[in-house]
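J.: Residues or ranges marked as compositional bias 'Low complexity' in TrEMBL: 1-21. The region 'Disordered' annotation in TrEMBL covers 1-24. The transmembrane segment annotation in TrEMBL covers 56-76, 150-176, 188-206, 212-235, 242-262, 282-300, 368-390, 410-432, 439-460, 466-487, 540-560, 572-590.
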Amino acid sequence: MSRGPTPTGDAPDPTADRPAALAGADGTLARATGTIAPLPPTPSIPRPTGTPSSGFLARATLLSAALSMAGALLGLGRDQALAQLFGAGAETDAFLVAWTVPEMASTLLIEDGMAFVLVPAFSLALARRAHGTGSPDPVRALVAASLPRLFLALAGAAAVLAAGAPLLVSVLAPGLTDPSLAVSCTRLTATCVLSFGLAGYCSAALRAHRSYLAPGAIYIAYNAAIIAAMFALGAHWGVRSAALGVAVGGCLMAAVQAPSLWRRVAGRPRRPAVTHGYAEDGGRAFAVGLVVAVLLFALCRQSQVLIERYFASGLPAGAISHLNYAQKIAQLPMSLSMMVCVVTFPVVARAIAEGDTRRAGERVERDLLLMACLVLLGAAVVVACAPQLVQLLFQRGAFTAEDTAATAAVMRVYALGLLGHTLVGALVRSYFSAGRTTWFPLGAMGAGALATVVAGAWAVDPWGARGIAAANAAGITLTALLLLLGLGGLREKPLGPSDGAARVRADRGTSRCRGGRGCCAGHPDHPLGPRTVPVRVGRVAAALLRPVLAAVCAAGAGLFCAGPPDSPAASLAARCTCVTAVFLLLAWLLDAAGARSLLLSVTHSVRSSVTRKLRHGR
């Protein structure tokens with residue numbers, strides 16, 4: 001029996017060769033409405049059934065998680081090297097101000113912004129390519145239309161950022177006593193705007209092709225370059241060597257993906273032109289409204305880091321570094337849990353492109369609960385083991401025991417917002433997976449950022465860095481709540497024959513909506529598809545309470561579990577074991593995220609596999 005494709009850089013699309021019939025247009029986007037037009041199903045032909053198997057998604061998730069873990073471990077090694085070589089003082093504070101540029105660039109251009117725009121666009125182009133729709137090839141047309149313009153825009157932005165580095169530093173951290181070092185580092189890190197943009201473009205395109213090896217390896221190359229630069233040049237350049245490593249690592253991120261993307265795009269034969277009424281304007285790859293909405297959301301989300309560093313710049317030296325190290329450790333569980341939606345986001349976007357919103361909604365609901373369980377288990381470990389984690393990872397060289405205590409205290413507060421960060425990352429994909437312009441995520445994120453500012457201004461004086469971390473947790477939790485409630489406004493109804501006929505007429509150009517005043521684009525049955533993925537909010541919210549309860553109890557048990565006081569490694573192992581055991585037990589008792597059925601399914605699969613092997617051995 002065939003196991004399906006392995007999710008590597010050369011793996012074929014698991015749905016590309018499966019039979020399905022779709023009435024669609026060419027590979028372009030609707031200009032008038034600023035949206036991506038999904039492929040409308042015909043009333044007489046069933047919707048496509050070519051969905052990736054559970055085995056493929058599991059293998060892809062494991063591969064992405066393994067590569068993400070490797071990149072995260074190298075990221076910890078990078079932070080360890082930074083702490084060991086330069087400590088936690090004025091020099092590292094200056095570098096971390098410059099580090100804001102790659103942090104924001106990775107959010108805008110790799111993790112969120114670029115992916116939200118490109119994955120739905122490439123998913124739509126691939127769906128049309130698979131069914132012979134588009135002229136001459138939707139994927140090539142999309143690349144030809146978007147990549148040159150993106151390159152020029154990113155190059156210009158990088159140049160402007162490098163030239164305006166002094167102004168940027170004065171805005172980000174007005175409390176620095178000597179901003180010259182931060183300016184020098186910022187000019188080096190400004191190059192990552194171009195390199196990260198190209199890396200994010202390749203990553204989104206490859207993931208839409210269901211290829212996860214090369215995109216998952218980018219942070220391995222990136223962090224390896226920074227570590228090598230610090231050890232090779234740190235004695236002569238100081239902390240500037242880390243900024244140089246950022247510049248070199250960004251170039252490597254794009255380089256490791258380029259060959260795989262070239263094979264995907266250039267290796268496909270061109271298909272004949274098949275059009276169904278839409279204008280052949282493949283050069284207009286993205287609606288301006290969609291791009292602006294995505295970028296503003298990502299900027300607003302990343303503004304939480306800017307808010308933190310603005311408030312922390314007025315605290316004693318080292319506060320920014322303590323916040324940074326605490327955030328890096330605390331967000332490891334979130335990064336691993338996000339691998340679930342990194343893998344399934346192209347699946348959701350493809351389902352939307354094919355008009356199957358029910359399948360997309362069910363996929364999103366399962367992902368939310370699974371990701372919540374994963375991140376809450378990690379948050380419980382962080383709360384219970386914060387001092388031991390920081391001591392083992394960073395307490396060496398110039399990083400003292402006082403730095404460990406301060407970082408651990410901040411890290412425990414950060415853990416309170418991990419569920420909010422994870423839910424925001426997952427929920428926002430439900431809004432942008434249809435490739436349509438929507439401003440609700442920006443409004444929700446703006447409300448969260450405002451809450452962070454208000455809470456941070458109130459809490460920074462009495463509680464210092466811990467107050468800043470608490471404000472971060474409060475703001476992102478508010479955003480997650482608003483995004484979840486926002487999905488309750490859409491209720492999908494199954495398509496009937498008349499609805500399908502209306503979509504076909506719209507596709508043929510006989511009843512095309514121009515998207516003007518009074519346009520029906522917000523309706524679920526509009527020819528351009530739904531504005532978001534339908535999610536049963538009440539059911540999801542009730543199900544989330546179970547892993548939250550399990551995590552609270554597990555963290556409490558871990559705090560009371562005392563290991564050997566003279567061995568942080570043994571104490572960490574004892575507490576981690578206790579937290580994991582309590583969480584898994586409660587998850588089973590509460591059936592969090594379907595833990596019982598999942599365990600039964602895994603047990604049945606293992607038993608069946610063993611039985612087959614025994615029979616074969618006979």
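Just so you know, the numbers here start at 1 and follow the chain as drawn.
Cβ from N, Cα, C; glycine included.
Burial and contacts for the listed features, if you can.
T.: The list of residues near the transmembrane segment (150-176) in space but at least 6 beyond its ends in sequence, with Cβ under 8 angstroms from a Cβ of it, reads 90, 93-94, 97-98, 100-101, 109, 182-183, 186-187, 190-194, 197-198, 201, 306, 309-310, 313-314, 320.
Counting residues 6+ beyond its ends, the transmembrane segment (439-460) has Cβ neighbours under 8 Å at 293, 296-297, 300-301, 303-304, 307-308, 311-312, 314-315, 424, 428, 431-432, 466-468, 470-472, 474-479, 482-483, 486 in the same chain.
Under 8 Å from some Cβ of the transmembrane segment (466-487) lie the Cβ atoms of residues 301, 304, 307-308, 311-312, 323, 326, 409-410, 413-414, 416-417, 419-421, 423-424, 427-428, 430-431, 440-441, 443-445, 447-456, 458-460, 532-535, 537, 540-541, all in the same chain and six or more residues away from its ends.
Within the same chain, residues 365, 368-369, 372-373, 376-377, 379-381, 383-385, 419, 484, 575-576, 578-580, 582-583, 586-587, 590-593 sit at least 6 positions outside the transmembrane segment (540-560) and bring their C-beta atoms closer than 8 Å to a C-beta of that stretch.
For the transmembrane segment (572-590), same-chain residues at least 6 beyond its ends with a Cβ under 8 Å from one of its own Cβ atoms are 373, 376-377, 380-381, 384-385, 388-389, 392, 546-547, 549-551, 553-555, 557-559, 561-563, 596, 599.
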J.: What stretch of 56-76, 188-206, 212-235, 368-390, 410-432 shows the most Cβ pairs under 8 Å to the transmembrane segment (242-262)?
T.: 212-235
